[in-house]
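A.B. asks: Copying in the features that TrEMBL gives for the protein in this structure:
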DOMAIN    37-295  domain 'YjeF N-terminal'
BINDING   115-119, 188-194, Asp230, Ala341, His454, Asp533  (6S)-NADPHX binding site
BINDING   Asn116, Asp184, Ser233  K(+) binding site
DOMAIN    306-587  domain 'YjeF C-terminal'
BINDING   Lys499, Gly500, Pro501, Asp502, Thr503, Gly532  AMP binding site
Amino acid sequence: MADSRNTIKKTSKRLKGVRNENFVAEFMTELLSAAQMRAIEQAAIESGEVTGLELMERAGQGVVEAIFAEWPELAVSPAAGGEGGVAPRPAGPDSPQDICEQKKLRAVVLCGPGNNGGDGFVVARLLKERGWEVEVFLYGDAGKLPPDAKANYERWLEMGEVTEYDGEFWMDPSIYREDSVLVDALFGTGLTRPVENFNAFGWVTQLTEWRLSPENRGAAYPAPRVVSVDMPSGVCADSGRRLYSADPPFDLEEISADLTVTFHSKKLGHVLAVGPYYSGKVVVQDIGLCEDHEWRKANWKQIAKQFDAPFVGLLAKGYGGHKYSHGHALILSGRPGRTGAARMAARGALRIGAGLVTLAVPPAAQAEVAAQVTAIMLRRVGDATALTKVLEDARFNAIGLGPALGLDAGAAALVAAALEAGRASVLDADALTLLAQDAALFSKLHENCVLTPHAGEFRRLFPDIAAKLETAPVQGPAYSKVDAVREAAKRAGCVVLFKGPDTVIAAPDGRCSINSAQYERAAPWLATAGSGDVLTGFIAGLLARGFAPQSAAETAAWLHVECALEFGPGLMAEDLSEQLPKVFRRLLSQP
Ligand SMILES: NC(=O)C1=CN([C@@H]2O[C@H](COP(=O)(O)OP(=O)(O)OC[C@H]3O[C@@H](n4cnc5c(N)ncnc54)[C@H](OP(=O)(O)O)[C@@H]3O)[C@@H](O)[C@H]2O)[C@@H](O)CC1
Ligand SMILES: Nc1ncnc2c1ncn2[C@@H]1O[C@H](COP(=O)(O)OP(=O)(O)O)[C@@H](O)[C@H]1O
Ligand SMILES: [K+]
């Protein structure tokens, strides 16, 4: 977790504080689709700055370097005198060969029929040059390999054999020895259909299952480390989803990596859906592709970003301001006995820095709420007319509504009144269900709104879009959560934040970012009742502070995870807002 705390300081491929219209790009890393990666690669090759063969060499080299960095005990230098071919085997107690034998270093490289396989042949050669014992399997027809992969296949043949990876095959795990590495170079960004088990790939799954099964931990046969090149084979680079056969009887091949080494930028599939589960850990290796290509400038709205950290300048409160300069958020409360959700949201809005926060409470709930809040103010709001009246005060510049609001006609009228007031608004929970039930209400959404559905609410609001996301994908690239949220945002005409460990936030014009609570930012303790209500409050508070909807949603979602990480195990929703002071202090003291 300490690493995640330093993410702000890391600078690789960060777009710092780039302002576009009302959007602040903050600290973000690009997440490319397979087609975008191919376009960048093609542009670089066509410009003459690099050849495909050079990129493949750098990719293979990047994989080897990442293996050595991850497991320094495996790092050995190239054998002395090894020049692009078979490395000589120098004699003597300290020669690389002897070190390898002593350490029993061994790699099994599985190469596929495309350029991912080509990277595999480079890895095989580089490891062999370092004295490793390397076994190479090829799935597919060597005669049909694309040119660069073919060239590396032929280079490998000068130093080792290639076994056809086809037909009945059973690999006894006992052949794996200590310090073995299984390199998965079967499929990368070119996965077009499910990887099926035709009794050919089965042993990879067997191996993975064997490796992951608790009873085999510490078993007689040590587990090899599994390294995937670019993507864990079988996972779609665009969606992070596994592709499924239209024909159910097939078992799916499954590669679960310890380390995935990708090139230039992470792909969407590394952070969406089950991608993180299969990727293990993702390392991005620079292969020398141009950073600021014209193509990127022309396509920036289409490139999804990972939100890594907020622009702290925006979070700080400037000197000389007063409470109204930080906005006044109005949070709508539900009826008596159901006020907790709104109270938690209100507390979140205040802690995140709104100048003032008022709870709009039904008269019957006033005593209940008054007994439990102090800095948060109260207004009696019995119905939609009363709400409209309150909102005549222009100082209420942001509204949060939905948590435990109720689903009756009165609640629907409150949602309508809030939307008609045209304020920056975050709509969650019951407000989303009401929007899903009433097309006229839905049509009142405007560009200053943020919708924050979880999967169930998303399905209710956008059933056709959800169906596409939930149908088992039979071909790649598969429809992704990014595709779904972009489509939803366009339809709603406002920002949509679709919750989850891979929270996706999109604007109607296609700008999209992902707040990933995975890998070193995994925050499973956020799956607790009421944490979504706090997120509503965080967004409302930032909207009150003047953040644009997309930026408010991104920053709130990031801080939400940061608070969960700050608290750690045992988290309850109430704890989240109370972490903000610590989180802010740490962020704002960054140099
Ligand atoms: N772009 C870059 O900048 C760089 C890219 N590099 C590397 O190239 C990789 C992309 O290479 P790629 O485009 O050749 O695709 P790849 O993943 O090897 O697979 C394509 C082959 O697999 C086949 N196939 C697909 N699914 C299948 C299935 N389920 N079962 C069976 N077959 C299936 C498919 O067949 P087809 O669909 O054409 O019938 C085709 O033959 C990328 O991930 C990275 O590692 C680096 O070298 C450096 C720079
Ligand atoms: N496994 C998880 N990892 C990280 N964040 C999660 C996870 N599960 C849920 N969350 C986050 O917790 C919040 C839950 O919100 P929601 O489902 O609306 O809960 P509630 O209605 O109880 O408030 C969302 O922000 C979601 O992104
Ligand atoms: K792979």
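Positions of Cβ are set from backbone N, Cα and C atoms, glycine also.
As the structure is a computational prediction, the values presented were derived from the model and not from experiment.
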A.B. asks: Mind giving me a neighbour count for Pro501 (AMP binding site)? Other Cβ atoms within 10 Å of its Cβ, every protein chain shown.
C.D. replies: 21
A.B. asks: To test your reading of the K(+) site: which residues beyond Asn116, Asp184, Ser233, same chain only, put their Cβ within 8 Å of the Cβ centroid of those residues?
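C.D. replies: The answer, listed by sequence position, is Leu110, Gly112, Gly117, Gly120, Ala185, Leu186, Phe187, Gly188, Ser228, Val229, Asp230, Met231, Pro232, Ile255.
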A.B. asks: Within its own chain, what residues at least 6 apart in sequence put their Cβ under 8 Å from the Cβ of Thr503 (AMP binding site), listed in sequence order?
C.D. replies: Leu497, Ile514, Asn515, Ser516, Ala517, Ala557
A.B. asks: To what whole number does the mean pLDDT across the domain 'YjeF C-terminal' (306-587) round?
C.D. replies: 96
A.B. asks: Taking the Cβ of Gly500 (AMP binding site) as the centre, count every other Cβ atom within 10 Å, in any protein chain shown.
C.D. replies: 19
A.B. asks: With respect to ligand 1, which members of the binding-site residues Arg193, Asp230, Ser233, Gly500, Asp502, Thr503 satisfy a Cβ distance under 6 angstroms to one of its atoms?
C.D. replies: Arg193, Asp230
A.B. asks: If you measure Thr189 ((6S)-NADPHX binding site) to Asp502 (AMP binding site) at Cα, how many Å is it?
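C.D. replies: Distance (Cα to Cα, whole Å): 20 Å.
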A.B. asks: Sort out the sequence-distant neighbours of Gly532 (AMP binding site) for me: same chain, 6+ apart, CB within less than 8 Å of its CB, listed by position.
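C.D. replies: Once residues fewer than 6 apart are set aside, Gly532 (AMP binding site) is near Pro403, Asp428, Ala429, Thr452, His454, Lys499.
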A.B. asks: Please identify, among the binding-site residues Asp184, Ser233, Pro501, Asp502, the one with the smallest Cα-Cα distance to Gly117 ((6S)-NADPHX binding site).
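C.D. replies: Nearest in space to Gly117 ((6S)-NADPHX binding site), counting only the binding-site residues, is Asp184.
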A.B. asks: What other residues of this chain sit with their CB within 8 A of the center of the CB atoms of Lys499, Gly500, Pro501, Asp502, Thr503, Gly532, the recorded AMP site?
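C.D. replies: Neighbours found: His454, Phe498, Val504, Asn515, Ala517, Ala557.
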A.B. asks: Asp119 ((6S)-NADPHX binding site): which of the binding-site residues Asp184, Gly500, Pro501, Asp502 is the nearest Cα neighbour?
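C.D. replies: Nearest candidate: Asp184.
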A.B. asks: List, in residue order, those binding-site residues out of Asn115, Asp230, Ser233, Pro501 with a Cβ under 6 Å from any atom belonging to ligand 2.
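C.D. replies: What lies within reach of ligand 2, judged by Cβ under 6 Å, is Pro501.
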A.B. asks: Have a look around Leu191 ((6S)-NADPHX binding site) and count the other CB atoms within 10 A of its CB, chains all included.
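C.D. replies: Around Leu191 ((6S)-NADPHX binding site), other Cβ atoms within 10 Å: 27.
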A.B. asks: Among Arg193, His454, Lys499, all listed as binding-site residues, which has the most CB atoms within 10 Å of its CB?
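C.D. replies: Top count of Cβ atoms within 10 Å goes to Lys499.
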